[in-house]
């Protein structure tokens, strides 16, 4: 082919969830309410943990960081969706699309790593209570949280670099409401088989690996609780049950979406709603309603 006929896509068109006016209004209302719940719920958690000296344990320190990540995670996608719905402007510049993809994976993978650290925290508290204070010291907590952010950055930069290597010279319509790897890679005007497998290995294996580690830690906790049937252990098990619910909401849709090449199975844009909106919205409820200390501190605040 003649190289002078090559033209690079300068913008993408995000179709959103529906073309119907009534459904667009419904989705706008739901997205706005969900974003408000994410902001209010997570900001309340952060304020409560920061102002109450009783909530100084590593579990609440990690929960505070999770709330901050959830705010960042939803802010990458939802505000632009709301603005697009109001203005009717569905186009997003190529650079803006790549930036959204980068920050989405940066914050999303950091959250996965942080949830794994939170599971390790619960495992240590229940299975190694005598060594818990030494293992989960404040310095160690800061190091673990920093490692989550560094791991998320490395993962995201790899994804973004792989995307930037692809030529986009044809269709520019994305059948979703945000820029992500599966719908964008299908638009590349070249053979993307190798790139798809590399991306699936990156995002998919991270999601699957973290999920398996999480489940393994909870299995060990369950075995410990069954061996020592005390009230304190059952309370810890109740906390872990809420954690399992939260990680399942996040990880299962991600594994379904990313642990496959882009063209293997059609990725439903409605599945993406679960881990980009519904899961961050439910985290404040799941992680606070099961904690009497957190509820009491919130009422005092």
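Residue numbering: from 1, along the chain as shown.
Keep in mind that glycine also has a Cβ here, set from the backbone N, Cα and C atoms.
Automatic prediction, not curation, is the source of TrEMBL annotations.
Residues or ranges marked as domain 'G-protein coupled receptors family 1 profile' by TrEMBL: 41-287. Look at TrEMBL and you will find 25-47, 59-78, 98-120, 140-158, 204-225, 237-258, 270-289 tagged as transmembrane segment.
If you look at the transmembrane segment (270-289), the same-chain residues 6 or more away from its ends with a CB under 8 A from one of its CBs are 17, 31, 34-35, 37-38, 41-42, 44-45, 63, 66-67, 70, 73-74, 77-78, 104, 108, 176-178, 180, 242-243, 245-246, 249-250, 253-254, 256-257, 295, 298. Model confidence over the domain 'G-protein coupled receptors family 1 profile' (41-287) stands at 85, taken as the mean pLDDT rounded to a whole number.
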